[in-house]
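Report on the structure given below.
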2 protein chains.
Amino acid sequence: MAMGFHADEIRQLIKKGNFVELTELLKDSHPVDIAELFNELDPQEYLCVFKRLEFSTARDVLEELDPEKITFILTNIKLQYAALLIREMSSDDVADYLGMLPENIRQNFLYLLKNQDQKDIRTLLSYPETSAGGRMTTDFIAFPKDMKAEEALNKLAELAPDAEMIYYVYVVDHKGKLLGVVSLRDLVLSAPHTPLGGIMNTDVKKVLASQDQEEVTRLMEKYGFLALPVVDEEGVLLGIVTVDDVMDVVEEEATEDILKMVGTEEEIDPERSSPWYRARRRLPWILVALFGEIISGNVIKNFSEALQALVALSFFIPLLMDMGGNVGTQSAAIVVRGLATGEVNPEALWKNLLRETGVGVVLGLINGAMVAVIAYIWQGMPALGLVVGISMVLNLTIAALLGTFIPLMWNKLGRDPAVTSGPFVTTLLDIIGLFVYFSTALWILKL
Amino acid sequence: MAMGFHADEIRQLIKKGNFVELTELLKDSHPVDIAELFNELDPQEYLCVFKRLEFSTARDVLEELDPEKITFILTNIKLQYAALLIREMSSDDVADYLGMLPENIRQNFLYLLKNQDQKDIRTLLSYPETSAGGRMTTDFIAFPKDMKAEEALNKLAELAPDAEMIYYVYVVDHKGKLLGVVSLRDLVLSAPHTPLGGIMNTDVKKVLASQDQEEVTRLMEKYGFLALPVVDEEGVLLGIVTVDDVMDVVEEEATEDILKMVGTEEEIDPERSSPWYRARRRLPWILVALFGEIISGNVIKNFSEALQALVALSFFIPLLMDMGGNVGTQSAAIVVRGLATGEVNPEALWKNLLRETGVGVVLGLINGAMVAVIAYIWQGMPALGLVVGISMVLNLTIAALLGTFIPLMWNKLGRDPAVTSGPFVTTLLDIIGLFVYFSTALWILKL
């Protein structure tokens, strides 16, 4: 039920020069919708629309646009207005934007900012993009602890247009050290003359600027905060990360996990559609699998006498390979996701291994019994049924065990468990699975 | 840097009867931390701690606990206090809790609520858990449009303790129909005598109670809202979904997607660790794969004369099967995730197919050339190299094509694309891949 725009309608209004109606149409629209509209318009068209926006809407729209559009707009409007806009944009958005520009153009824009803002932006640009420091904005509100609630509310009304999050007021000492937090809710509810020190909550959850964004996400999800303060080693408040930025992080991290699990880091970005570029992102794990499967082929080669003696052995190769891969990938996905959400405890190695291996045994017994019967009926050889059944039990047990062990181990080594859980696990299980299958065949069928 | 408790320390204080220090320790603690502490204490211990909590903290802690603990606490404190607590809890948390109780116990608790609250809870319980209605709370704030800003602020201060989200005030007509929204930010910034109708934003994004929670997530992420109103078919405001609930949804949906992609809906819940239970959740797709791979085996069987004529053909079965599966799964994961985040447009079927198939062709050419050379060197047969190379190009192209097509098609049929993208795609590709391989072998080697 979200209302958008029809680009055609807007285009008509521009062509007819009907700017009164255009302004009216834009007046109550959400900046995100306007930014989306810009994607469908030509530069001259969206420039024309942009010029009709109220100041605060114009600023909010800028925060949503991609770097090329921002640059086109800022270089095609009056310099003073551009400076004013960029000064009022949220500092993390400005930093994100400037971070994507070439150094020489960046300098031109930095020059438009006030001294303090320049310093803030430079600080933000200095943190890795995925750290708390890289995600934070410096547009927070901090007051001393002896300020009265009433005064704080008035100050807030003054500062609000410039701050990203006015629902939390941070209380700091004269060195900027974070002492506590007061929610706007508490402020509204307090007697006017209470000092902030009396209503602030001193059990403030916070992160270091150098900590990873996953820690930020974890704390905000756990406590349901709208913003989380970021401090330096001395506890000085540097910035805040707001909940809307964190939601993006949660989504990004989940997508990253999924893509790593299938062995690719291809970006899901419809704009970069060159198949060469995309293929390159997928190639590394594909190549690992390629060489792994040549080893699988070699296993078959080493047992080729058995295979020639009983060609029916080959009919079950796909079955055994695929089932092992499926069970292994399932176990790996459960571990990887469990580690990401905190529901799997990486320390409880044996407990996790035992649990998943138990599942592997159960799946192995059920499937092993079924395929043994099927193989017997299909090929009319009870001994072959036995070989396939036993191999299946062994393979699925090994698959569950390794599918659990490898990502847990990789995680313990401080690496990202997701990258090991797709092609790597499958390929390894193929090699082991074929070896187990043919060894069982030699043993039982005495080929 | 989040401060927790040491359960041992708390236990010592209880044992010594040092309740002054205990109360002091709990005073400034976050309810989430206290709830976490309860997990490590015995019922009698956490009951003792609970009784020392301030009312509002006690209520917030209850909202975080699991049903058994809530029931134990509510049945072991004074009835009036229990009634007061449950009345002040957020309506969605109460509904979640009551929804998990057996019908007869639920009635006992519902009876503690006020009439209006009883009605609210019954309404909430009537929506599916994963719909907007199932996720919403009825503790929102709504005012008429002629109310003045100052009066609204005063009312807000009065209502705040009971409302889950005081940062948005909704403006409704006399029938409860949603007209607009005013943020607390705007309220604080407005002249005291402005009517809400004059400052409200009328472009309110909203969802129907029957819509899926994914739509709620999508809108809140897109616009960065802290809460989203939920309405009925007539536009009457029924409740709001708050951002902290949505963050959980994002995480849940991502986990669900990943697990479905590997063909399981196993819960990552360390408490339910029976291997039988877990195996049952994984079995359905494993069985589909099992029967699919018997078809694969049949393909090999149909070509068994060729295989007996040239046993070296079997050495490349694992290679061709696995590579097709990998590329197909990658394409499927990219589509599934892209559909979830909105970066893949489900309508642009041909564009998506073309793009991914292009990647498949590139990967096929690179890998096909490599394996052709490897097969030639390894087996000393140029013709076999050609067979393997050509099959690889065809297989990876088909893999990318089907890996993209199947989830897109499934999505178009209104089903969840994630379920088709793991075992199903892999198994289908195995069957096709083996057929392509042996057909190519017959054609080129004339076996």
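Every residue gets a Cβ built from N, Cα and C, even glycine.
Residues or ranges marked as domain 'CBS' in TrEMBL: B:136-199 (among others).
Summarising the annotation, TrEMBL assigns domain 'CBS' to B:200-256 (among others). For the domain 'CBS' (B:200-256), residue counts in helix, strand and coil come to 25 helix, 16 strand, 16 coil, using DSSP.
What TrEMBL records for B:359-378 (among others) is transmembrane segment.
Here the transmembrane segment (B:384-410) has long-range neighbours at 310, 312-313, 316, 319-320, 323-332, 335-336, 339, 346, 349, 352-353, 356-357, 359-361, 363-365, 367-369, 371-376, 416-421, 424-425, 428-429, 432-433, 436-437, 440-441, 444-445, meaning same-chain residues at least 6 beyond its ends whose C-beta is under 8 angstroms from one of its own. According to TrEMBL, the feature transmembrane segment maps to B:384-410 (among others).
Long-range Cβ contacts of the transmembrane segment (B:422-445) within its own chain (Cβ-Cβ under 8 Å, at least 6 residues beyond either end) map to 260-263, 285-286, 288-289, 292-293, 295-296, 299-300, 302-303, 306-307, 310, 313, 316-317, 320-321, 324-325, 328-329, 332, 383-384, 386-388, 390-391, 394-395, 398-399, 402-403, 406. Feature annotation from TrEMBL assigns transmembrane segment to B:422-445 (among others).
When pLDDT is averaged over the domain 'CBS' (B:200-256), the result is 88. Long-range contacts of the transmembrane segment (B:359-378) within the same chain: residues 315-316, 319, 323, 327, 331, 384-401, each at least 6 residues beyond the stretch ends and with a Cβ under 8 Å from a Cβ of the stretch.
Residue counts for the domain 'CBS' (B:136-199) under DSSP, helix first, then strand, then coil, are 24 helix, 17 strand, 23 coil.
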